[in-house]
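Notes to accompany the following structure.
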């Protein structure tokens, strides 16, 4: 069965999601992209989406209705708060999000992916890794054994999450950040790019540097 797919967000990650879908379809036609939705698109993004062969059809309001039987959506927005809000709003109408995994991701055994999660090319997840709803795992990041990532988390490219780490909901892990083993990262935290996290991080904290503080 082929599903129709709306991509929410016409910025950089939204277009990266399109590339994930394209790679999946190159193996077997699974998704028919209806187009992009964006509440505030700019001309540059319109042009870039156009070069991919699609258009921005309008705002998210287009989906404020019950979905058709084969309609799905995916959120291509890195902002963790916006992602939670969109998830909540569309759930009220009965929408089901697509879960997308690039064929060049390396996923081991006992990997659980929540609805709406996107796993990009080059990602490595070893074993017994659990990802919640609408988690974004960007290219070439790594997730060690027994990692738990809660809902609406963004993990940026080349981030390294060591074994037995738990990451709270709505947390943003910056590019090339490193989290050492057996740590807990609280909810709504921000880990700066290149940070090395050596101790637990409390809810709502922003940390950066080496060691992160």
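Just so it is clear, glycine is given a Cβ too, placed from its N, Cα and C backbone atoms.
TrEMBL annotations:
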type: DOMAIN; residues: 5-87; note: domain 'PglD N-terminal'
type: ACT_SITE; residues: 145; note: active site, proton acceptor
type: SITE; residues: 146; note: site 'Increases basicity of active site His'
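In the structure as shown, the Cβ atom of residue 146 (site 'Increases basicity of active site His') sits within 10 Å of 18 other Cβ atoms. Counting Cβ atoms from all protein chains shown, residue 145 (active site, proton acceptor) has 16 others lying within 10 Å of its own Cβ. For the domain 'PglD N-terminal' (5-87), DSSP puts the residue distribution at 37 helix, 19 strand, 27 coil.
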